[in-house]
Amino acid sequence: MQPEPGANGTAVTEFILLGLVETPELRPAVFVLFLLAYLVTVGGNFSILAAILVEPKLHKPMYFFLGNLSVLDVGCITVTVPSMLVRLLSHKHTVPYAACLTQLFFFHQLAGVDCYLLTAMAYDRFLAICRPLTYSTRMSQTVQRTLVAVSWACAFSNALTHTVAISTLHFCGPNVINHFYCDLPQLFQLSCSSTQLNELLLFCVGFIMAGTPMALVVTSYAHVAAAVLRIRSSEGRKKAFSTCGSHLTVVCLFYGTGIFNYMRLGSAKLSDKDKAAEIFNTVINPMLNPIIYGLRNPDVQGALRWVLLGRRSLA
C-alpha cells in the first residue's frame, strides 16, 4: 500500500537510511566487521543445525527447538545486515517505501517466533525436570511441531498487524531514518499523522508477544529452581542447572535488549547508544547463540567436532 499524499501534496515514496556511520572513511571498516559477523552467524548456526541433524544423541525435543532457533537466528540477521552491506558498497542510502515495510514485516515475524520458541524451550525444561515420568508423552513429536507451528502463526499475526497499521500512516515530510534498517519507532517519528493508536497497538500486542511469554518463562524456571533445590546430590543439581544455563542466558540477552529498544518510543531522537542496543539485538545475539550453546553442552561440542573436523567424539 502506498502512502496517501500529505498536506503539502507530496507523498514519501522512499526513505533514506543513514546507517551506522556517516563518516565515509569508516565505512570500509564497518563493512568488513559486519560481513564477518554475518558469516560467523550463518556458519555457526548452520553448524549447530547440522550437528543436531547428524548426531542421534541430539534427536531430543530440546535440540529440535534449538535447531529451529538456529534457523531463526540466520533469518533475523539476513533481514537486516545484507541490505546494509549493499548500501555501504553502493553508497546508496535510499530504500523504497514498499521494501521498508517488507523488511519491517519479516523482522517482526522472525523476532516474534523467537519469543514463543524461547518459551517453548522453557516449557520443555520444566517438563524434563519437574515432570520426568510424563515427559515423553507431554513432549511428543506432535506436541513439538504444534508448538513451533503455533509460534509461527502468532508471530505472523503480530507482524501483519503492525505492517498494516503502519501502512495507514501518512509520510509527507522528512524521510531520513537515523538507523540501518526500518523499524516501528523510527517510522513513528517520521509520520505526518498521529501515531497514538499505533503506539498503543505496539504496547498492547507487545504485552501479548513478549510480556506473556516472559511471564511463562519466569514461571517455568521458578518451578525448575524449586525442583532442582530439592535434589540432594550436588552433582545432580549441577547437571540439572547446566541444561538450563544456556537457555537462560539467551533469554536474558533477547528480552533485555528487546525491552530497551521498544520501551523508549517517547525518545525524540535516536542516539548512538540506541543504535548500539539495536546492533546487539539484531547482530550480536544471533551470533552469540551458537557459541553459548556450543560451549556449555558436551553433546553439542562432540557433534560439532564430527561435523567440522570429521571426527566423532569418543565420549
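Yeah, the Cβs are placed from backbone N, Cα and C, and that goes for glycine too.
Listed in TrEMBL for this protein:
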- 29-54: transmembrane segment (TRANSMEM)
- 44-293: domain 'G-protein coupled receptors family 1 profile' (DOMAIN)
- 63-85: transmembrane segment (TRANSMEM)
- 105-126: transmembrane segment (TRANSMEM)
- 147-171: transmembrane segment (TRANSMEM)
- 200-229: transmembrane segment (TRANSMEM)
- 241-263: transmembrane segment (TRANSMEM)
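Using a Cβ-Cβ cut-off under 8 Å and counting only residues 6 or more beyond its ends in the same chain, the transmembrane segment (147-171) has close neighbours at 1, 3-6, 11-12, 65, 68, 97, 101, 104-113, 115-117, 120, 123, 184, 187, 190-193, 195, 197-198, 201-202, 205, 208-209. Of the ranges 63-85, 105-126, 241-263, the one with the most Cβ pairs under 8 Å to the transmembrane segment (200-229) is 105-126.
Among residues of the same chain six or more beyond the transmembrane segment (105-126), those with a C-beta under 8 A of the stretch's C-beta atoms are 61-62, 65-66, 68-69, 72, 75-76, 79-80, 139, 147-148, 150-152, 154-156, 158-160, 162-163, 181, 183, 209-210, 213, 216-217, 220-221, 223-224, 243-244, 247, 250-251, 254, 258, 282.
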